[in-house]
């Protein structure tokens, strides 16, 4: 009986423990799986955000690529400056080297022996014709002049006496002639002494500048001793030697330009003064004398200069700044601008004048060519023009500014 009663109770407890176990398991599952679910939800959100970020990055990358391509296109446009072919006068010029010379340049020599008593001028002084440059001691010559004057007075008195006697037939004609001869001799001696005394004053033979002084006070000099050099520098001259075939194009009075090697920015004006009538047999050249006009700047004889003589003029030539020209492998060409590109154009040149060149063939009036930037170009290059020049002179100014 007891066994039969205990068995159903035991079964009831077992069932109860089983139910309680299930409840515990379910509760534990809820506690455990809730964080995991949250993790999965957060992971999904992160994946979605990552996808959005990738899309944005892809879009940004596309924009950057587009911008980069645009920059590359811009870099392909080479920045340049241009000049325009215009019609202007251009001349052929013969250039020769020469030295400036004074109109007259002489050495002044002592004419008598004497002690240098006083010097009145120094190198660089300007003197007038006849000015006293130096004085020699003339005391001895002054005494000789006084003696000559006395001798002349005696000779004059004697001649007058003999003439009076001859008129009364109290003196012979021979005695009268001797008295006349003595008078003439006394006059000559006096003139000679006076002339020698005048030589104690060394004078300027013409107006000019004292270029050198060779004597000192207290120095004894002899006849022929060089005392001074003096130059007439009004005007200055220069002499150039031109080939015989250039002479027919040169006329007397023709304007000439002169530039000093020491002052290249100083431009002097002159004119052709004289053309030699003969050709030098040894050199085949003709001497041309050029007279330099006065200028405010001091210029001196002996300076080295370049002389520019115009031999021909083309009044309506096609002209371009020389900077536009490219010389390579024996060829001469320019970059002709056509729209936003350039093409290589061979050109034939004429006269060159300073920074300008004459275009004989290859370009026309109004054509635009590259002035600055040729080094980065080739045939067909795209360009971006930074300026627009209408005159070759303007181009030269801009070129000088770009160089500086």
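Just so it is clear, glycine is given a Cβ too, placed from its N, Cα and C backbone atoms.
Quantities reported herein were computed from a predicted structural model and do not represent experimental measurements.
According to TrEMBL, the feature compositional bias 'Basic and acidic residues' maps to 61-78.
The domain 'CzcB-like barrel-sandwich hybrid' annotation in TrEMBL covers 106-232.
Confidence in the domain 'CusB-like beta-barrel' (240-310), given as mean pLDDT, stands at 91. Here TrEMBL flags 240-310 as domain 'CusB-like beta-barrel'.
What TrEMBL lists as domain 'YknX-like C-terminal permuted SH3-like' is 317-385.
For 56-78, the entry in TrEMBL reads region 'Disordered'.
Taken from TrEMBL, the feature transmembrane segment covers 14-33.
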Checklist entry - Which residue counts does DSSP yield for the domain 'YknX-like C-terminal permuted SH3-like' (317-385) in the helix, strand and coil classes, in that order? => result 6 helix, 43 strand, 20 coil
Item to check | Structural state census, the domain 'CusB-like beta-barrel' (240-310) (DSSP three-state) | outcome: 6 helix, 34 strand, 31 coil
Item to check | Secondary structure tally of the domain 'CzcB-like barrel-sandwich hybrid' (106-232) (DSSP, helix then strand then coil) | outcome: 55 helix, 35 strand, 37 coil
